[in-house]
Amino acid sequence: MATIAFSRLSIYFCVLLLCHGSMAQLFGPNVNPWHNPRQGGFRECRFDRLQAFEPLRRVRSEAGVTEYFDEKNEQFQCTGTFVIRRVIEPQGLLVPRYSNTPGMVYIIQGRGSMGLTFPGCPATYQQQFQQFLPEGQSQSQKFRDEHQKIHQFRQGDIVALPAGVAHWFYNEGDAPVVALYVFDLNNNANQLEPRQKEFLLAGNNNREQQMYGRSIEQHSGQNIFSGFNNELLSEALGVNALVAKRLQGQNDQRGEIIRVKNGLKLLRPAFAQQQEQAQQQEQAQAQYQVQYSEEQQPSTRCNGLDENFCTIKARLNIENPSHADTYNPRAGRITRLNSQKFPILNLVQLSATRVNLYQNAILSPFWNVNAHSLVYIVQGHARVQVVSNLGKTVFNGVLRPGQLLIIPQHYVVLKKAEHEGCQYISFKTNANSMVSHLAGKNSIFRAMPVDVIANAYRISREQARSLKNNRGEELGAFTPRYQQQTYLGFSNESENEASE
């Protein structure tokens, strides 16, 4: 009996350890940034000539457009990324779907509501309706609707989309919603082929497809219910055959973005309640971050799906100036969003950086230590140069709004805003991406002894000291005050302040 009891206790202890390990991996703040759980072996990739991308093809729906970047291009395939841009018109509903790969959504413009349906989580929103029936029957019938939390999104929001989690978006504003989606095909959550697959729960993709600069093709795709037998489906769901046919989307030509004529009737708490809920959610988030950073009893480490998964925040605004990581009043601001600030990114294994450069401001040259980067221009123009390990310029051009540039891991990049300034967002293929700067505070030059710099570049110690310290305490975004005139030194330009 003692042996059996000891065996059961050992099994119980192992289960607790496994449970804690899996939850800590997903939600714990102490994540190793040098480790990136992306699959896919090494392949021969040629990044010797980068190019700026724009959407290659578009699919029109009843109330919007989906634009696809060239997923067959070698640069997208080598980085394991897939990018689309969606435009949802007012009162447009992006029908529920889920994907085989995790992703991030950046709201370029517009506002609306969205829902993410996490499996196994309780329905926390409850609403009662009163339905009036025809004469001769009882005058009204009450029924109650329950569903998971509805989130409101606005311009500048980042939305995390874990693989296999159903979601929908609705435009409740007066202007179109424009959103950029970036998916990670090489994430370990994807156990299918390294290709983006959307599983539609409603609607279809039987719409005409326009190839930019090419011929028109037909894009075909049904929702998941269309593949089931009608009788089996109606029996499984407890509905009649007509409803089952509607679920299958037969003869439905609206596409994947449909128009809701009278608008969605959504249950939302009042503004004061929303603020209170947001505050409680932030407190809970901070609480379990502290919880996993401290030593606790094993029995409290695996305390249920609801606390760690169902209440996790799925949306965060990256354009809020108060959230900026670095700010220079004469150059701009940089905001980074990683799993430390946004724990759900441990599931998605992506991160984002929002950069707002003022007039003629320049970024310190840098490289991405542990991730590829996808740079999308939101406003303005930027002069960009990218250099490979061979010291060759693989990109040298001006990026304009709507263009996307893939910057491979370790390639050095230099960006300078044009006279109207520049705003861009970059998506990184690591939940805790890191960059290494060449100039300014906390840079490579600052970390090196003066003699190392002087001998490496055959310059005097005074020149090496100037090279090491001439940017003072500036970090990231630099004011446009230095212009190289000769090999020996630098001279000041006029310092013009630029407003956002």
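Quick reminder: no glycine exception, Cβ is built from N, Cα and C everywhere.
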Candidate in Cys45, Cys121 joined to Cys78 through a disulfide, as Swiss-Prot lists it:
Cys45
Intrachain C-beta neighbours of Cys45 (disulfide bond), sequence separation six or more, cut-off 8 angstroms:
Glu74, Cys78, Pro408
Looking only at the domain 'Cupin type-1 2' (316-465), how are its residues distributed among DSSP helix, strand and coil?
24 helix, 69 strand, 57 coil
For Cys78 (disulfide bond), just count the other CB atoms lying within 10 A of its CB, please.
18
Mean pLDDT for the domain 'Cupin type-1 2' (316-465), as a whole number?
95
